[in-house]
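Residues or ranges marked as L-isoleucyl-5'-AMP binding site in Swiss-Prot: E565. If you look up Swiss-Prot, you'll see K609 marked as ATP binding site. If you look up Swiss-Prot, you'll see C906, C909, C925, C928 marked as Zn(2+) binding site. For 60-70, the entry in Swiss-Prot reads motif ''HIGH' region'. Annotated motif ''KMSKS' region' per Swiss-Prot: 606-610, in sequence order.
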Amino acid sequence: MSDKEYTSTLHLPKTDFQMKANLPNKEPKYIKKWTEEKIYEKGLEKNKNGETFILHDGPPYANGNTHIGHALNKILKDIILKYKTFRGFRSPYVPGWDTHGLPIELQVVKEVGVGKAREMSALEIRKLCEKYAKKWVGIQKEQFIRLGVLGDWDNPYLTLDPRFEAKQLELFGEIYVNGYIFKGLKPVYWSPATETALAEAEIEYYDHVSPSIYVRMQANKDLLDKIGFNEDVYVLIWTTTPWTLPANVAICLNENFDYGLYKTEKGNLILAKDLAESAFKDIGIENFELIKEFKGKDLEYTTYKHPFLERTGLIILGDHVTADAGTGAVHTAPGHGQDDYVVGLAYKLPVISPIDHRGCLTEEAGDLFKGLVYSEANKAIIKHLTETGHILKMQEISHSYPHDWRSKTPVIFRATEQWFIRMEGGDLREKTLKVIDKINFIPSWGKNRIGSMMETRPDWCISRQRVWGVPIPIFYNDETNEEIFHKEILDRICDLVREHGSNIWVEKSPEELIGEELLVKYNLKGLKLRKETNIMDVWFDSGSSHRGVLEVWEGLHRPCDLYLEGSDQHRGWFHTSLLTSVASTGDSPYKSVLTHGFVNDGEGKKMSKSLGNTVSPEDVIKVYGADILRLWCGSVDYRDDVRISDNIVKQMSEAYRRIRNTARYILGNSYDFNPKTDKVAYKDMLEIDKWALNKLEVLKRSVTESYDKYEFYNLFQGIHYFAAIDMSAFYLDIIKDRLYTEKKDSVARRAAQTVMYEVLMTLTKMVAPILSFTAEEIWESLPAETRESESIFLADWYVNNDEYLKPELDEKWQQIIKLRKEVNKKLEKARQGENKIIGNSLDAKVSLYTEDNTLKEFIKENLELLKIVFIVSDLEVVDSADGNYTDAEEIEKLKIKIAHADGEKCERCWKYDELGTDSEHPTLCPRCAAVLK
């Protein structure tokens with residue numbers, strides 16, 4: 001037989017599993033399979049009697065395409081739920097969307113035109129908003145499905161779903177009845193750009209340039225008498241919001257600070273002693289003399305003149321006055337600041353807020369300034385105060401200032417009548433902090449973060465002055481302005497909304513909504529009634545999902561097991577969900593909270609379109625496939641901010657290729673293996689096979705532990721090392737000769753195939769939650785009789801096998817691996833240069849010399865094994881070494897020589913040996929000749 005004919009006697013690899021992944025084209029096929037074959041539903045059915053694990057989906061906003069942060073979030077959730085399903089948990093996934101709110105309403109107004117929108121009714125706007133939201137839900141849904149996320153995509157939850165809205169109204173009613181909801185005139189964040197109140201979670205901070213002014217306010221006689229001084233005296237204040245001075249009704253001091261009366265060229269000025277030097281330097285006052293000193297509390301209840309209005313201001317005391325900056329005398333306008341409002345309550349100060357919804361000053365600000373936008377009012381007030389001698393210094397400063405997160409424009413504090421959930425006073429804060437202690441936070445610092453936010457958060461403003469949202473279900477007696485709330489009436493509203501949706505609130509009159517029977521029962525018949533026109537904050541919408549979803553969708557329950565979102569949700573969805581839950585039922589809606597960081601570019605910079613450093617999921621999928629994106633999600637330590645760039649994605653692609661090649665090699669060499677008939681018992685395996693199974697067993701336990709702890713980045717490192725190093729670079733390389741050249745059904749060959757089968761089945765399950773498409777492709781490439789289920793996602797998790805754990809093999813095989821590395825380095829050199837000795841390793845004879853007797857004995861005892869491991873034709877240990885030996889790099893006292901092997905090359909296995917021992921096969925080595933008998 002010729003060399004070519006002998007090739008046909010080898011058991012060469014056969015598989016349809018391609019080396020080139022071609023994921024962008026293949027992946028849609030598997031999405032189609034999972035959808036048509038209802039794999040998600042079958043997974044639930046398979047585990048119907050198992051313990052439930054509920055991960056509740058935080059709803060993304062239905063506006064615009066998904067971004068890389070969405071992809072990270074959805075894939076992390078999918079990894080967890082697929083793993084839990086493998087482990088026998090019944091793990092439903094109901095995806096959701098946040099569908100009300102200002103961004104959608106603004107987009108609709110923009111599309112129809114501001115002028116036309118103003119002519120439209122609230123109902124018309126609402127219908128357009130619903131259509132717009134549903135359009136983006138459809139688009140985003142397809143984008144999420146393309147990521148390989150399994151879930152109940154045909155029945156997602158939308159916050160505009162009538163069932164959800166009805167539950168939200170019920171929740172509002174419970175919190176109202178519990179005494180935590182009230183209506184009050186309070187300063188709130190207000191966006192003039194979008195003409196509505198904002199919650200804290202809707203505020204972002206950016207650098208902003210503001211005027212910084214020192215203003216002197218003239219003291220009245222009672223203050224002069226208090227300090228025993230009969231010349232003109234001024235209290236010096238500092239502010240960066242001159243437009244709020246029309247609302248000034250007090251100056252706040254710290255009762256424990258030392259204040260001084262200073263004689264200066266700018267008049268006799270009162271300010272805190274600790275701040276006097278810095279303030280005078282800032283103003284440019286070089287000569288000053290301390291005339292008198294006193295405590296802040298000594299001036300309480302004295303008065304001063306407003307600088308441009310006929311108003312007397314009061315000197316008051318407050319703990320919020322610090323010595324960090326300014327003068328220690330704080331301009332106080334309860335209508336324009338939270339601290340001012342709180343201290344104003346104690347002194348029964350009027351809440352004046354002379355600014356309208358567009359940011360224009362009203363008549364209350366005085367004739368000089370009414371009608372001016374607040375930014376223009378700043379200039380006009382500064383000009384007037386300069387002319388009247390009240391301003392001592394004006395300059396511009398850049399500082400961090402609150403902005404509307406949607407319009408990116410500065411916000412103001414404005415006192416308006418709003419609906420609030422009460423945090424100041426009452427027991428909600430204390431109750432919530434106690435509940436937080438019982439929640440498991442991952443990472444653990446999340447507990448302190450949400451706790452510290454809860455300790456300091458003000459009353460939550462839950463009303464918005466827009467049309468697209470869930471109505472606040474309150475009626476009024478229009479003549480007395482008295483609130484009308486009865487649980488029976490609310491129950492009827494909930495029933496109507498559940499049947500018709502929240503548009504019914506806009507469509508029907510108060511009388512129609514309440515109904516004849518309840519009008520009579522509560523003595524409302526004949527009264528002129530009106531409905532509340534404000535809607536609820538969208539954070540109340542999403543914060544109601546523990547009721548609107550977990551109590552409504554079949555198979556879900558509260559508290560759920562896990563909320564998983566970005567770390568910004570400590571002040572967002574985690575926060576609002578917790579507050580609404582504690583305020584209604586006194587408990588948490590979730591047992592555990594897992595947070596991930598933000599996605600930055602490759603250099604750690606925040607992504608922005610203007611910088612051109614954004615990475616879109618769609619672009620990654622088009623070029624590399626969703627599995628590469630999934631692998632990135634599974635490889636990063638998501639607990640901190642993570643990075644992505646084209647280079648990082650390429651690195652992921654390389655790591656993926658190594659895992660894929662390992663799978664392909666095993667599939668190619670398992671084509672004739674049936675585990676039911678060909679499996680070899682552990683006791684009959686070679687030692688190297690047992691070493692491989694020990695490595696696999698250690699990895700199995702490590703991977704399971706990492707999945708249980710949600711530490712996917714740890715398991716990825718382990719899987720990648722096992723596949724690329726332990727398997728491809730070592731074990732699979734060494735057993736190639738056995739697989740190709742031994743008899744088809746020999747114990748040696750079948751043992752290697754048994755190990756490979758175990759490795760592949762286990763490895764496929766390990767990677768399936770992350771590399772979902774590739775795992776399914778591997779599963780499909782297995783012979784049908786070896787697959788335990790129609791889809792990898794209907795299989796059971798692997799079972800640990802204590803028999804495979806052989807830690808005693810580790811030390812020996814670590815030494816063997818070290819020797820192989822040293823020999824491989826020398827073999828590589830022998831292949832190179834003009835005087836190359838060998839073409840491949842089977843051409844080689846390796847000679848080893850060592851003065852280390854322990855090492856020498858080790859090599860002698862394992863000589864035949866090492867020859868197989870080194871993949872060489874001959875190996876010897878010598879007692880002396882000449883100049884042709886070179887030192888090993890990392891093993892002391894070891895010298896190595898590479899020579900060409902003696903004998904002739906076997907035409908079948910390519911090893912050098914004594915040929916011609918078999919007349920029928922004169923060009924084969926004795927082993928190959930025997931195999932062919």
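Cβ coordinates are placed from backbone N, Cα and C, and glycine is handled just like the others.
What Swiss-Prot annotates, mapped onto the structure for a quick look.
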residue: E565; record: L-isoleucyl-5'-AMP binding site; DSSP class: strand
residue: K609; record: ATP binding site; DSSP class: coil
residue: C906; record: Zn(2+) binding site; DSSP class: coil
residue: C925; record: Zn(2+) binding site; DSSP class: coil
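Put plainly, the binding-site residues C906, C909 were compared by Cβ crowding within 10 Å, and the winner is C906. The Cβ neighbour count for C928 (Zn(2+) binding site), using a 10 Å radius over every protein chain in view, is 24. In this chain, no residue six or more apart from K609 (ATP binding site) has a CB-CB distance below 8 Å. Of the listed binding-site residues, namely E565, C925, the sparsest CB environment within 10 A is found at E565.
Spacing of C909 (Zn(2+) binding site) relative to E565 (L-isoleucyl-5'-AMP binding site) is 57 Å (Cα to Cα, whole number). On the backbone, the CA of E565 (L-isoleucyl-5'-AMP binding site) and the CA of C906 (Zn(2+) binding site) stand 62 Å apart. Excluding C906, C909, C925, C928 themselves, the residues of that chain whose CB lies within 8 A of the CB mean position for the Zn(2+) site are, in sequence, T741, E907, R908, W910, K911, D913, L924, P926, R927, A929. Helix first, then strand, then coil: DSSP counts for the motif ''HIGH' region' (60-70) stand at 3 helix, 1 strand, 7 coil.
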